[in-house]
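First the structure, in the form of structure tokens, and then the observations on it.
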């Protein structure tokens, strides 16, 4: 952890207890009940999304040997706090707008999906923040994300509610980079930046879980065409995985696969196709998005990190910019083009 961890260790339990007590009191006063007769989302689909956020992201960030517990343990801590906070924010909005109760499983699924933004942001500051800072970042980011969604659905009325949730990749990546700019970069060659074969293997295991369950993530909030979203997402992921292996060999001097390339680029297609997964009519469109997203991720990893460090003094610990930020931008632009066409 960062050098301030010992100084803040005594504050961690009190901050958590304070937040949990506030959540319980607010849940009581706002009466966040739900209609159990509604069942728009099945429990297995919710479990897929839960596995993605807790297990997939948690283990995918274990590539730094000194921060395995930070990526898995603290990941679970901020998720369980953030889900309660996210449900509470939406519940308060529903309370003041006097809307009808909705499916409880859909409400908590949307909260888990929104926590993807926080988990992505934590990857940008991995190894540079202590638990207090992570919890405070979660509180601020969840509120900012819901404000962003409210602006999108209120003033940009063409953006459906389920599509606005797909902003988690873009929002999480660039929010994390903004927070990372406030922390210093570890010295080159430091043990804090080192990895081991074991840590890389655990990270790849988490990435495989993300890859397998990503079609559920893109389709869980789809309104009409869940099967089409799954279909398009799978083909985009497949092409991005193939492209990742090809470009990894072509861009290395020794002609070998690089774990960092594979770990980042195999998910790029799923991120890029997230906005338009349920509206793409032909799978070849999703496949082209997967190819472009994977290429942007690998080629961008060579120069973009150096540009960020040199120009903006931003250190991206796990490369969330090339893994989620740039493919998210590509997906947003593609969605606009397809919408206009």
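Quick reminder: no glycine exception, Cβ is built from N, Cα and C everywhere.
Under the heading transmembrane segment, TrEMBL lists 12-31 (among others). Beyond its flanks by at least six residues, the transmembrane segment (12-31) meets 77, 81, 84-85, 88, 91-92, 95, 131-132, 135, 139 of its own chain at Cβ-Cβ distances under 8 Å.
Annotation source TrEMBL lists domain 'Ammonium transporter AmtB-like' at 29-339.
Look at TrEMBL and you will find 43-64 (among others) tagged as transmembrane segment.
For 76-96 (among others), the entry in TrEMBL reads transmembrane segment. Sequence-remote contacts of a segment are chain residues at least 6 beyond its ends whose Cβ falls under 8 Å from one of its Cβ atoms, and for the transmembrane segment (76-96) they are 16, 19-20, 23, 26-27, 30-32, 53-54, 58, 102, 107-108, 110-112, 114-115, 118-119, 122, 131, 134-135, 137-139, 142-143, 146, 150.
Long-range contacts of the transmembrane segment (108-127) within the same chain: residues 1-2, 41, 45-46, 49-50, 52-53, 57, 61, 64, 66-67, 70-71, 74-75, 78-79, 82-84, 86-87, 90, 133-134, 137-138, 141-142, 145-146, 165, 167-169, 171-173, 175-177, 179-180, 183, 186, 192, 217, 220-221, 316-321, 324, each at least 6 residues beyond the stretch ends and with a Cβ under 8 Å from a Cβ of the stretch. According to TrEMBL, the feature transmembrane segment maps to 108-127 (among others).
Annotation comment: TrEMBL describes 201-217 (among others) as transmembrane segment.
Taken from TrEMBL, the feature transmembrane segment covers 229-250 (among others). Sequence-distant contacts of the transmembrane segment (229-250), counting only residues of its own chain at least 6 positions beyond either end whose CB sits under 8 Å from a CB of the stretch, comprise 211, 214-216, 218-219, 222, 256-258, 261-262, 264-270, 272-274, 276-278, 280, 283, 285-291, 293-295, 297-299.
According to TrEMBL, the feature transmembrane segment maps to 284-308 (among others).
As annotated by TrEMBL, transmembrane segment applies to 320-340 (among others).
Of the ranges 43-64, 201-217, 284-308, the one with the most Cβ pairs under 8 Å to the transmembrane segment (320-340) is 284-308.
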